[in-house]
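Copied from TrEMBL, the annotated features are:
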{"type": "TRANSMEM", "residues": "A:21-44", "note": "transmembrane segment"}
{"type": "TRANSMEM", "residues": "A:50-68", "note": "transmembrane segment"}
{"type": "TRANSMEM", "residues": "A:75-92", "note": "transmembrane segment"}
{"type": "TRANSMEM", "residues": "A:98-117", "note": "transmembrane segment"}
{"type": "TRANSMEM", "residues": "A:124-142", "note": "transmembrane segment"}
{"type": "TRANSMEM", "residues": "A:172-190", "note": "transmembrane segment"}
{"type": "TRANSMEM", "residues": "A:222-246", "note": "transmembrane segment"}
{"type": "TRANSMEM", "residues": "A:258-283", "note": "transmembrane segment"}
{"type": "TRANSMEM", "residues": "A:292-319", "note": "transmembrane segment"}
Amino acid sequence: MRVIFRKSYVQDIQLFRDRGQAFWYLLFAAIALAAPLFLDGYFLDELSFVFIYAIAGLGLMVLTGFSGQVSFGQAAFVAIGAYTHTILLTRYSVPWLLSLPIAALVAGLVGLAVGRICGKMHGLYLAIATLSIAIVTERLIGGAGDFTGGHRGLSVPEINILGLAIDESWKVYLLNFVIFVGCILIVRNLTRTRSGRAMIAIRDSEVSARALGTNVAFFKAYAFFISAVFAGLAGGLLAHAFFYITPETFGMGESIRLLLMIVVGGIGTIHGAVFGAFFIVLLPTVLSWVKIVLPSAVATSGGFDSLAFGLILLGFILFEPDGLYGRWTKIHHYFNVFPMYKKRSFQRQKTFLKTERLR
Amino acid sequence: MKKLATALAFTAMTATGAMAEGLQGVTDDMITLGTYTDLSGPLAVWGVPEANGLRMRVDEINAAGGIHGRQLEIIIEDTQYQVPRAIQVANKLMRRDQIFAMVGALGTPMNLAIMPQQIEAGIPNMFPMSAEVEMYEPLDPMKYAFFRSYTDQFRAGVAYFKENGDFSTPCIAQLANEAGESMALGVTQQLAEYDMKVAAKTEHSATESDMLSSVTTLKNAGCDIVFLAGGVRDTILVVATSKKLGFEPTFVTGMVSYMDAVATAADGAMDGLYLVSPFVFANAGDSEGEAKRILESYSEIYGEKMAPQAQLGYVFIDLIAVALEAAGRDLTTEGFLAATEAITSYVDPIGGQSVSFGPEDHQGIESLIMAKVEDGKWTIAARGLDY
């Protein structure tokens, strides 16, 4: 096990812990960049979905994982981003490079308004409020008639950046990858700043955070804003990946899928959002391989995918509430300190949280 | 002119290399077809029997030696009626499984999302399980639809009741989705022909479990005919709730509800419900000959009555087989599509509806029927509806 000798506070806010870590992440980035050389279009499209979902997941991670506000309405912001982006592109011929940030900003402002309203709610009440936002948004978009295309939906034009058509899988893949990496850096940066630390303080104990002088209402709304900006950005990219958007696409189911994604990935960590996205997007592909070896009666029965998904989810909630990333850190730690591993290392210490559970 | 346009489109596609392989999904002894449908979501009641029907006809054809020495294979993927899932599985079908054609893909939003890239990849979209007008319009060499559109169905329904019995205060109970919108559009369009307006219109969502407010609105408006522009569950709920409130106008709905579960729902409350459909839901009891054989052998294989969706699945593959037969051993996508376009006198072996295509007509079924629930069973009230 490697112990870092701390010489200055700057070390605490470095992007990478040490050179080894930096090496691994840069290696991953290099492999990801080179992926179009050895993967076919199908896998590149799948990975594009992973990146886009990871962006939406990062947003939700800021909200739920960092500031501790549960949200069943993330898909509403994704929808707002997707629709704003598509409408700007098709109806107002706004350039792509401008349209995407505007879409993210519009979603962010709606998120800010929602955050301001819901900021005083906790737990179950917040869950219900955000859930209703998901439902209302879907209905509003559907009922808005010609402006949003109603329930019939809108078709999404191809990505075109400054006259350069992004029309092939590998181009879309690279674009999504670059934006994805940018988003990770932003969130990573957020956790190192004052606002990020304020959010975590609010998550761990609102009373203590307030006592320490943190503006709770502001940072809660701020978390909603950031989260919705990411969702809107993901929405804009998702619209291109879907080619056609309808309000149903961003229904309640999608919100719940996003929430499950960060829970399975490991709540409260950046890795969690990424691992969760891999899980959600690639599981059907993996299952389709599993199906080949299964007897055809099982493989062709309808509910197989849902059943497998449900069982895996159940397994995580029962046996590994820290998610995929939590499991990974434990395994990593096990080998790091071998043979001195003790379960207690990962026991939750902050028992004072219990007093605030039911608010 | 259209022929020329078709030819040009093909040349263009070949030129850009989209069809460079040309025979994706076809080997010396196998033709691979694909579909995506809902096997475990809200429309599984449509998707599961459809998948069975598709498989049954494929198995029959293979047992009889295949087509021009090639066996058929159909890969069926589950979308859970979600667009994101549909995109993923369609991507898999087109790129990994390398299918020759998409047959009976279910869901309007899914088809609308997937069709553009599918057509670009040179994979024909045959007989999607959606009665939206976009399934055959604008005319495209790669698009063939089976059903007449929801809008047409409701226009014909309005016209039928205008001629038979008339009405004075027509109303609409619409499901808030794209299908409901198209259906309601048909009603308003046809009413406009008679200079009439909708007296009252209510909207409900697919998840609503209480239709009291909708029904009360319709009742207070004094509707004498209500067009149910919606799906299965909401149709049952609206009709049953109305019966309870003593509100009994004529109820008319579209093909989505054409299944036993609707006819037998709520202890006979559905009696008298009318439905406009492009296809006929055949019963083994009233059928004879080939239809009877198909219906009975389905029950034998799958242990249940052959649902209308299974009948559709069966007919879809049957139509594909007819086109593949005609296209010959030297199969090309163009040849297959030309053979489909040349189908003009196909009669659906189960329901007896005639199907025809043409250079400017990529929509198969020509006439509509009016079905009615009597004693918990669907009967045919009229054939050959139009407007």
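Heads up, the Cβ atoms here are built off N, Cα and C, so glycines get one too.
TrEMBL does not curate its annotations; it predicts them automatically.
Given the structure is predicted, the values throughout are model-derived calculations rather than measurements.
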Taking 3+ C-beta pairs under 8 angstroms (sequence gap of 6 or more) as contact, is the transmembrane segment (A:50-68) in contact with the transmembrane segment (A:98-117)?
no
Give residue numbers and ranges for long-range contacts of the transmembrane segment (A:75-92): same chain, 6 or more residues beyond its ends, CB-CB under 8 A.
56, 59, 99-100, 102-104, 106-107, 110-111, 133-134, 136-138, 141, 147-148, 154, 156-157, 227-228, 231-236, 238-239, 242, 245, 247, 249-252, 254-255, 257-258
Stretch with greatest number of CB pairs under 8 Å, the transmembrane segment (A:222-246) reference, A:98-117, A:172-190, A:258-283 candidates:
A:98-117
